[in-house]
Amino acid sequence: MSKVDGKFEFSPISVNFLTELAKVAFAVVMLCLQARGQKAGEKSLLSFSTLFQAARNNVLLAVPALLYAINNYLKFIMQLYFNPATVKMLSNLKVLVIAILLKMIMKRRFSIIQWEALALLLIGISVNQLRTLPEGTTALGLPVTTGAYLYTMIFVTVPSLASVYNEYALKSQFETSIYLQNLFLYGYGAIFNFLGILGTAIFKGPDSLDILRGHSRATMFLICNNAAQGILSSFFFKYADTILKKYSSTVATIFTGIASAVLFGHTLTMNFILGISIVFISMHQFFSPLAKVKDETQNDSLEMDSQKNYRSKDGSFINMAAGANEDASHRVGPDEKEPLLPR
């Protein structure tokens, strides 16, 4: 809704900067409310020593803040190539990349059924993307397909790394208040976006420093919406899981498609309907009890094997008792192959 003749009249970096400021303001308000609710004798959350120590312990948050600053700019670029529903579908590609990064960086395990669910997710996205781009159109001197898929690759990999790194940074300092961590994360984000505004002003002139130029009610709504989305995401990273956060965003895909059709007249093609159906089947399969039980059973069996190896190595009394019970339950007869159960 904020586009005019297919372009943005405002600077996307200014929107991201104002979004980060809104999130910083929210973190400060919630931090003050949390500090007021502290019990007597507890170390104040707003003391200089607490803030300084938390800033040192959470300096890693600067990395995802930089990656998010890049990703938030790419979101606007993607809107120039694809319709909103398609951008939302493309963002689901991050789930597979995140799963691989979680396995490599955080050593997280997934069952075979869950990997199959992720494969279904890619199939659903591919079905939706068939014949999305018009042929023969160009942008930025490159074929739309080439530029769009280049941005898509960056749009998928950069925020995926940011999400995994953000979850790692938040959970590594789990005892720190989430509002305090958000204050640093969003503060770093505001700094990086402000540097982007200064860089733009160097190349395009001082007029670019007017961060409110070209803004409208739509952009104000966009700022509030993006701020709320970022705040909710931090709770997913801190208390839940990155995969759960990305999968939950697929629920919004169908509403994005419907809203895009109602507001902008975009057609809900059969490709979109089939694609979104496969995506929701994938989501159901990934979180189904069957996938979790199988994974837990595998973990239990590995645990039991390790316990057996440990006991056999120690030669403990439990292991000897287990052997004694096996001997006692064995019926010795003239035929050693006689079944143990009564006929």
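Positions of Cβ are set from backbone N, Cα and C atoms, glycine also.
Those TrEMBL annotations? Automatic predictions, nothing curated.
Annotation comment: TrEMBL describes 12-33 (among others) as transmembrane segment. Long-range contacts of the transmembrane segment (12-33) within the same chain: residues 45-46, 69, 72-73, 75-77, 177, 179-180, 182-183, 186-187, 189-190, 193-194, 196-197, 200, 211-213, 215, 219, 222-224, 226-227, 230-231, each at least 6 residues beyond the stretch ends and with a Cβ under 8 Å from a Cβ of the stretch.
Annotated transmembrane segment per TrEMBL: 45-69 (among others), in sequence order.
For 112-130 (among others), the entry in TrEMBL reads transmembrane segment.
The transmembrane segment annotation in TrEMBL covers 142-162 (among others).
The list of residues near the transmembrane segment (183-203) in space but at least 6 beyond its ends in sequence, with Cβ under 8 angstroms from a Cβ of it, reads 11, 13-14, 16-17, 20-21, 23-24, 27-28, 31, 54-55, 58, 61-62, 64-66, 68-69, 72-73, 166, 209, 211, 230, 234. Annotated transmembrane segment per TrEMBL: 183-203 (among others), in sequence order.
For 218-237 (among others), the entry in TrEMBL reads transmembrane segment. When Cβ-Cβ distances below 8 Å are used as the criterion, the transmembrane segment (218-237) is approached by residues 1-2, 10, 15-16, 18-19, 22-23, 26, 68, 72, 163, 166-167, 170-171, 178, 181-182, 185-186, 244-245, 248 of the same chain, each at least six residues removed from its ends.
Residues or ranges marked as region 'Disordered' in TrEMBL: 323-343.
Among the features that TrEMBL reports, compositional bias 'Basic and acidic residues' is placed at 327-343.
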